Structures are given as structure tokens and as C-alpha cells.
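Asks: Provided herewith is a single structure, encoded as C-alpha cells, for subsequent inquiry.
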Amino acid sequence: MENPCLTFVTPTLLAGDRSLADVVAHEIAHSWTGNLVTNATWRDFWLNEGWTVWLERKIVAKIHSDPKTYDLKASLALVPESEGVDPDDVFSRVPYEKGFNFLHYLSTVVGSEDFDGFAQAYIQKFKFQTVTSEDFKIFFEKHFVDRPEALRNIDWDGWYYSTGMPLIESKFDTTMINQVRTLGEKMMASRNIKKWESVVEPRMLRKWPASLWILLLDTLLLLQTGNHAKLAATHLDAIDAFAHHHFSTTHNSELRFRWFTLALRSDDLRVLDRTVEFLKEQGRMKFVRPLFRDLCATMGVVRGAAIFEDCKLRYHPIAAKMIQRDIESLKVSRKHSIAMYSNDFSGIFAQWLGLPQEYSGYSPMLAVVLGGLTIVTAVALSKRR
């Protein structure tokens, strides 16, 4: 988390190979966009994060001498309606990525160099102040007042308030991204390594940055969810081997989280010990909360709750409260499912025994007792005859 002249970062960024260093650049950039110039309301949160992502990618591009841009897809509005809305629903990736897309689009409208100059003027103008989306619009139009034709084509309300993808899709080089997604599709569809090699040679994977590994696992998880698929242990082993065992040995928390999720959703409990270790060594809600949900789904709520009891004192109270709420919700859902199954069983049992319809609402145990009494009575009567 950014603070003036001091940045606090989670230990999960210490992957050992600098693969998550981009986040450090992001937090340092917040010294200007977020701290020196701050959004006035949460509706204007994109001015913090959109600008900071823009600066982060400028920094990383300079460091690596390579444009660090992504094939981005947003799904909600740039300026969310935050009144009466759960903060967890508002703080998504949208202010980051759609905000970045909007700033990138504006840079294409006025030219990259001129936009860089505008960025400096913007920070100088609003330093030590709060700023709204409307303030940003007014200042931008004043700064480029000599370009009325270009300004006329900017649909401010569309960018700010419409949902879905950015109005004008930024043209980024998506060659590598498309290759990774294709590899993920091939991996999910078949264990035939030859088909995987037709997409990318295994030796090339050693050069991949963390962002591509994350994208590959995200692709696999998306396909797994969409197809309701469970991968066999041998299939998971083949994927890991193709990746030079990067997934099973990495210290990158983003990759560990996704790999454990993929395995748990495939009912592969070989990762259980490593998952529990991961849950104990850090408490980031973005990791621990979904992992506990998957543990409960795979192992049962009782065992999942037991693991949580062993971990919860390590977590921030808010994280512990949210996980506890998830587990309680899963318990209620499970009881409801059992009750529905019980009623169905009672109805079938009552019908099979020829009992009146009203017996179908009783518990299975009572239905069995009543059914047993009915059978005993019938047998006794038949013997008397």
C-alpha cells in the first residue's frame, strides 16, 4: 500500500525472481497519482488507479525497453455508482484497466509526447488537492483548447458511465497473449503434448514473464469453470512438466494461488499440504478467501472449517470475518441441500410403502420407523390369517 515517502508491500511480492516487481513500480507511482493528487470521491477512484497503471507501465517499459501493454478487457463502468453499493463490488479491476485504457486513448487523440506534457501539467495543477472526473475533463479541454476537432470526438459520458468494453479498443500487440490463450485451450482439451508443442516450444517458456504464466493459468481456470471439468492427476502433471515444473516449484504467490485452485477444483488433494502452508504464511484476502471456498467444496465444510480455525488468528480481523461468513454460508447451503434430498427421499419411501401423501413431509428416519411399523403390522396380520 502506498504512503507518502514510504511504501508498504506484502511479503507475497518477494517471489525470489523479481517476477512481481511491477507492483512495486505501481506503488511508487502512487506518490504522484494518488497521494500528491487524490481522487475527490470513490466515484473518481479511476483517477488514482488509471493514472497509476499508466505510470507503472511507462516505468516498466523503460526498465525492460519493451512496451508493457496488455490486451485488456473491462466489464463495468469507469465511474461506478458507489452509493449504497458493497465496497467489495466497487473496487474491481475496472478503475485500473478501463482507466488506463481511457488515458491511453486520450494519448492517441492528442499524441503521446503532448500527452506526457499534459500529465506533468495535470500533476502540477492539482498537487495537494482532490480532483473529480469533471475537474479532469475541464482541465484536459482547457489544456488542448487549440484542438477543437480532436476534443469534439471524445465521448466523455460514454467512457465515464457506459458499461462493457472501452468505447474505442486500444490497439496493442496481442500476439503473445493470443498464443498463451491458444496453449491454454489445447492443454484443457487434450493431454497430447505434441498439440501443445505446435503452439509454442517448451524451451521458449523459460523466457516468459510472470504475466504470461498468470494468463495461462487464468485461461485454464476459465475453461475449467466453463466446462465444469476436473483434470486428472496425470493431466495436471503433464501441464506442470511442460512448464518445466514451474507451477509446482514457484514462489510466486499469484501462480501458487492459481495452481492450487486448479488442482483443488480437480479434486487433486496432493496439493493440500502446500495449500495449507500457503494459507498460513500470508493473509491476503484475494488468495485466502477463494482458497477456503474451494477447500470446503473439495473436502467438505467441516474439514475446511477446521483448517480455518488453525489459520484465522494469523489473519486481519476483516479477512477472518469474511472467510467465517463464507464458511457459515456454505454450511447453510449444505443443510438446505440435505433437507431437500431428505424430503425427496421421504416422498419416494412413503410412496413405495403405499403410505398416505402427508407422510412424505416427515424426516427420513421417521419415514423408516413408520414404514417398519407398517411392514411389521402387515406381516402379523398375514400370519393370523
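Sequential numbering from 1, following the chain as shown.
Keep in mind that glycine also has a Cβ here, set from the backbone N, Cα and C atoms.
Here the structure is a predicted model, which means the values were calculated and not measured.
Annotation comment: TrEMBL describes Glu27 as active site, proton acceptor. TrEMBL lists Tyr96 with the feature active site, proton donor. Annotation source TrEMBL lists Zn(2+) binding site at His26, His30, Glu49. Residues or ranges marked as domain 'Peptidase M1 leukotriene A4 hydrolase/aminopeptidase C-terminal' in TrEMBL: 175-327. The annotation transmembrane segment is assigned in TrEMBL to 361-381.
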Asks: Using all protein chains in view, find how many other C-beta atoms are within 10 Å of the C-beta of the residue listed as 'active site, proton donor'.
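Replies: A count of 22.
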Asks: Validating a neighbour-count step here. Other CB atoms within 10 A of the CB of His26 (Zn(2+) binding site): how many?
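Replies: Within a 10 Å radius of the Cβ of His26 (Zn(2+) binding site) lie 22 other Cβ atoms.
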Asks: According to DSSP, does His30 (Zn(2+) binding site) sit in a helix, a strand, or coil?
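Replies: Coil, per DSSP.
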Asks: May I ask for the distance between Glu49 (Zn(2+) binding site) and Tyr96 (active site, proton donor), taken between their Cα atoms and rounded to an integer number of Å?
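Replies: Between the alpha carbons of Glu49 (Zn(2+) binding site) and Tyr96 (active site, proton donor) there are 5 Å.
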Asks: Can you give me the average pLDDT across the domain 'Peptidase M1 leukotriene A4 hydrolase/aminopeptidase C-terminal' (175-327), rounded to a whole number?
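Replies: Summing pLDDT over the domain 'Peptidase M1 leukotriene A4 hydrolase/aminopeptidase C-terminal' (175-327) and dividing by its length gives 95.
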Asks: In the structure shown, with every protein chain counted, which of the recorded positions Glu27, Glu49 has the densest set of Cβ atoms within 10 angstroms of its Cβ?
Replies: Glu49
Asks: Helix, strand or coil for the residue listed as 'active site, proton donor'? Use DSSP.
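Replies: The residue in question, the residue listed as 'active site, proton donor', is helix (DSSP, three-state).
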Asks: To the nearest whole angstrom, what is the C-alpha distance linking His30 (Zn(2+) binding site) and the residue listed as 'active site, proton donor'?
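Replies: Their Cα atoms are separated by 12 Å.
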Asks: Round to the nearest Å and give the CA-to-CA distance linking His26 (Zn(2+) binding site) with the residue listed as 'active site, proton donor'.
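Replies: Here the two Cα atoms lie 11 Å apart.
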Asks: Just counting, how many other CB atoms are there within 10 A of the CB of His30 (Zn(2+) binding site)?
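Replies: Neighbour count, Cβ to Cβ under the 10 Å cut-off: 22.
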Asks: Does DSSP put Glu49 (Zn(2+) binding site) in a helix, in a strand, or in coil?
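Replies: Reduced to three states, the DSSP call for Glu49 (Zn(2+) binding site) is helix.
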